[in-house]
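Chemist: Sharing the features that Swiss-Prot gives for it:
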DOMAIN    34-98  domain 'BTB'
CROSSLNK  LYS289  SUMO2 cross-link
CROSSLNK  LYS295  SUMO2 cross-link
MOTIF     317-328  motif 'Nuclear localization signal 2'
COMPBIAS  573-617  compositional bias 'Basic and acidic residues'
Amino acid sequence: MEAEETMECLQEFPEHHKMILDRLNEQREQDRFTDITLIVDGHHFKAHKAVLAACSKFFYKFFQEFTQEPLVEIEGVSKMAFRHLIEFTYTAKLMIQGEEEANDVWKAAEFLQMLEAIKALEVRNKENSAPLEENTTGKNEAKKRKIAETSNVITESLPSAESEPVEIEVEIAEGTIEVEDEGIETLEEVASAKQSVKYIQSTGSSDDSALALLADITSKYRQGDRKGQIKEDGCPSDPTSKQVEGIEIVELQLSHVKDLFHCEKCNRSFKLFYHFKEHMKSHSTESFKCEICNKRYLRESAWKQHLNCYHLEEGGVSKKQRTGKKIHVCQYCEKQFDHFGHFKEHLRKHTGEKPFECPNCHERFARNSTLKCHLTACQTGVGAKKGRKKLYECQVCNSVFNSWDQFKDHLVIHTGDKPNHCTLCDLWFMQGNELRRHLSDAHNISERLVTEEVLSVETRVQTEPVTSMTIIEQVGKVHVLPLLQVQVDSAQVTVEQVHPDLLQDSQVHDSHMSELPEQVQVSYLEVGRIQTEEGTEVHVEELHVERVNQMPVEVQTELLEADLDHVTPEIMNQEERESSQADAAEAAREDHEDAEDLETKPTVDSEAEKAENEDRTALPVLE
């Protein structure tokens, strides 16, 4: 039973592989789940990284180093060849027409290290070349050629990181080369009588590319399947012997990687021709001299760096750098700029200027490029990018807001709700600004804090300075806040007598108080009415000043902090206010009557005294 179960588990289903490939190909064509875009000759190919890494060693190594690259541009491969390789990767089919097309696909497959594609091309070449070999075998064995070489040069162009051409010269010594017709095909491509042929291949820019290209040169002469092996000619009369000394030179360079470019003056070696060329400048007699301090430098880059670091303010800049360029120096951090636009953008970091404004949400930016990025998010309403404010879009009218409060107030228009409530008159409002306007107009309540200073009046009497106070009632509690003293217009008052309370509380201190005339006496200030409604400020509405004898005297009255402890606000209703006003009117009427009695009393007394004197004179004198 166990053996049968094992056999059942080992069953294979070849159709499953085909089904998986078909599904992956459909996803690629419909651009679903693709995670890489390959750009070849300006054409975009969508694919899956896992599939490419499974079929190509090149992509396997590349995706290990660069895991987050969404776009990859491939150079050195034609668009047609890459399309065939992509189709082969997802369908296992090759649809190639013509030998030229097959050669392009072969080169691309070798570059991308797609071994399965190379095997498929080898099978195709064998099938196409089999009938031709049967017909031409006899002729090829009889034909031989002789090629006379006179110092021909095979040059290989190597692309480097600095994008400068590097040439490797291989000298082929004079001699006679005898090669069979099968092996001469490759040699004819790279050598001809009294000419130098360049074989250019730009497949990469790394150090290993030099070895790969050199190996590609020699591989054309050492392929075993072509049977065109080249050997040194030990006997000149042997027709089957060959003599190519140049190939030995190439093999010698391949065995010494570090000796590709050798300096004969100091015995140093370099892998890249650019480094070798820069090194050779150190042996040259040319030098760059600083005209200010007479220092000499072998390299131009070192000379320019010296001028910029030490002699920039003294004008030590080369003529090439001085033509039409101005140096702009930041006055805040002393940073220097060649372009005025960069200098102006840098200044905005210090000044905080933001001249570019969004027409939709009125947000301002220091750079125009930042505004353009913001407009993309602001116009579409999909939300701003990293570092920018979040946007809120109304699903009803598509309006966009950059703050939650604005968005919430806008939604009320569509819902019809009135969440803003006035607790004084029980009215409801849709917008918050409508409620604030109602409180200001109907109830005389403003949102801002209105400070009321105790009015101060100047006097000739020396008094102690006191800070003005504002009393604010909030939630049934009274808070006294100190404020700066504010001088107001002086009041014209007459002073009748010095109030005794002021003297007792030490509010008035003057050594010359006794010198004041008796007619000049200090009056008092009377506060008319104080509003103490809950939730509002307490402020002075009226100021009454008594006038006696119409004598203009500047009086300054002050409240001391010690007296504020005795101030206790009383909440009065409307009836208490009316009764207090009636009592005040009654007291004023009684005072007026007393004043009239005082005026009439001296007249009555004088008449009674006169009558008494007359009576005394009328009486006879008794002896």
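Count begins at 1; order follows the chain as displayed.
Each residue, glycine too, has its Cβ placed from N, Cα and C.
Small disclaimer: the values here were computed from a predicted structure and weren't measured.
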Chemist: Least buried of the recorded sites LYS289, LYS295, going by other Cβ atoms within 10 Å?
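Modeler: Among the recorded sites LYS289, LYS295, the sparsest Cβ neighbourhood within 10 Å belongs to LYS289.
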Chemist: Return only the integer: C-alpha distance in Å from LYS289 (SUMO2 cross-link) to LYS295 (SUMO2 cross-link).
Modeler: 6
Chemist: Pull the DSSP breakdown for the domain 'BTB' (34-98) and write it out as helix, strand, coil residue counts.
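Modeler: Across the domain 'BTB' (34-98), the residues distribute as 29 helix, 13 strand, 23 coil.
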Chemist: Where does LYS295 (SUMO2 cross-link) sit in the DSSP three-state scheme?
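Modeler: It is coil.
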Chemist: Summarise the model's confidence over the motif 'Nuclear localization signal 2' (317-328) as a mean pLDDT value.
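Modeler: In the predicted model, the motif 'Nuclear localization signal 2' (317-328) has a mean pLDDT of 51.
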Chemist: Determine, from DSSP, whether LYS289 (SUMO2 cross-link) sits in helix, strand or coil.
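Modeler: Its secondary structure by DSSP: strand.
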